[in-house]
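Undergrad: Have a look at the structure that comes next, please.
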C-alpha cells in the first residue's frame, strides 16, 4: 500500500514537472489563428534543451491551471461512492482497479497532449476518478487488517508513500525530462504503477482469513484484536445520525484545516522558493523535495510513537489522537507565521519550509485515522467524505493564494501564511472540543432477534 500511494502521487504530480518542458515560456507567442492544442515545432529553438522528440504546446496559464485542478475534480466525483462500494464489494479490487486505471491513463497522457488539450483534461479528470477509488478503499482494508494498537504505525507507513513519492518526482522528474524527454516522466511512473498493480493483486487480500500466506498465529492475533469490531456487510448508511455527530464533524474540520496549508505548500512551494530565496531551477527542485522527505520521515516516526504510547498504556486513545492532531496543526501554523519575518535568512527559511510539512504529517496519527476508532464499519465511506472536505479546502486555498500573491508579493505571502494559520487553529479548537475516540452508537452492529 505504501508503494501504491507512492505511485499514485507521482502520477498526480507528473504534469506539474513535465509542463515546464511541455509549455516553454521562452517560445514566441503563437499566431492569432494557431490552435492552442497545436505543438510548436521549432527544432532550432529552446525545445532542443529538452529532447528532440518532445513537443512544446501553446497552452495559456489559464489552461494550465485548469489542467492542474482537473484531477482534483475527478477525485471529488468518486471519493464518496467508491468508499461506500469498497465496504460492500471489497477494497482489493476497488483499489487495484483504480491504481491500474490511473497508471494506464498516465501512459496515454503524452499521446493525448498531441491530440489536443481537451483530451488531456478528460484524461486528468478520469485519472482523478481512478485515484479517488484507490484512496478511499484503503481504509476498508485497514478496518480488517490493523489491530487497534498498531493502526497508527501501519497507516502512517502506508501514508508516507505519498510524501516520499512527492519528493522522488521533484528530485528526478526534471532529470528525466532533460535526459530522455518529458514524455518519459509519464511512461516511467505510469509503468511503475502497472508493476505495483501486479504486486497488489498478487499479495493483497481483503481480510486475514482469506490470505494463504500469513501464519496461523498472526491470523489469530489480528482476528482476536478486532473481535469487538462490527464487520458484517452493510447496505444502508445512517446519514442522519452521521450528520448530527459532532465527533465526525470534528474530523471533517481537521481534514479541512490540514489540507488547506498542505495544498498551499504542495502547489506553491517551488514558486515561493524561487521568488523569495532567488535560487536556480536545479536548487529549487532539491529544496522543494526536502520538505516531503521530512514529511515521510515524520509520518512514520509519528505512527511509531503513537502506537508506543498506546501499547505501554502511557496515554489513552483519545489523548493520543488529540495530542498528535494538536502537534500536526499547531506546529506548522507557528512555522508558517514565522516565515515572512525570516525571509532575509536563507537557512532559517529552508528549515521552516522543511518543518511545515514534516510536523503537519503528525496528523496522520491523529484525526486522519480517527474514523477507524469511531466508526470502523463505515471507515472508507467516511474517509471519502473527509478527503472531500480536504479537497474543497485545497481548491479554496490555492485560489485564495493565487489572488493574494497577485496583489502584492511581499504582503501577499504574509497574508497567505496568516490565513492558513488561522484556519489551522480553528480546526484544532473544534477537534479538541468535540473529538472522540469511542465507537459511536450509530456505527454499532444491530443484532435482530426473531421470535
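Cβ atoms here come from the backbone N, Cα and C positions, even for glycine.
The domain 'Major facilitator superfamily (MFS) profile' annotation in TrEMBL covers 1-439. Sequence annotations record features per position, and here TrEMBL assigns transmembrane segment to 66-87, 94-113, 154-176, 182-205, 245-269, 289-311, 323-343, 349-369, 381-404, 416-434.
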Undergrad: May I ask you to check whether the transmembrane segment (381-404) and the transmembrane segment (289-311) make contact, with contact taken as at least three Cβ pairs under 8 Å and only pairs 6 or more apart in sequence counted?
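TA: Between the transmembrane segment (381-404) and the transmembrane segment (289-311), contact is absent.
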Undergrad: What else in the chain is close to the transmembrane segment (349-369), if you only count residues 6 or more beyond its ends and a Cβ gap under 8 Å?
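TA: Residues 142, 151-152, 155-156, 159-160, 163, 250-251, 254-255, 258, 261-262, 265, 269, 272-273, 276-277, 287, 290-292, 294-299, 302-303, 305-306, 320-329, 331-332, 335-336, 338-339, 342-343, 431, 435 contact the transmembrane segment (349-369) from elsewhere in the chain.
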Undergrad: Could you tell me the mean pLDDT over the domain 'Major facilitator superfamily (MFS) profile' (1-439), as a whole number?
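TA: Over the domain 'Major facilitator superfamily (MFS) profile' (1-439), the predicted model scores a mean pLDDT of 83.
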Undergrad: Do at least three CB pairs under 8 A connect the transmembrane segment (245-269) and the transmembrane segment (323-343), leaving out pairs fewer than 6 apart in sequence?
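TA: They do touch: at least three Cβ pairs between the two stretches lie under 8 Å.
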Undergrad: Is the transmembrane segment (154-176) packed against any residues at least 6 beyond its ends, judged by a Cβ distance under 8 Å, and which are they?
TA: 1-10, 13-14, 17-18, 20, 138, 142, 145-146, 182, 184-185, 188-189, 266, 281-282, 285-286, 288-293, 295-297, 299-300, 302-304, 306, 357, 361, 364-365, 368-369, 372
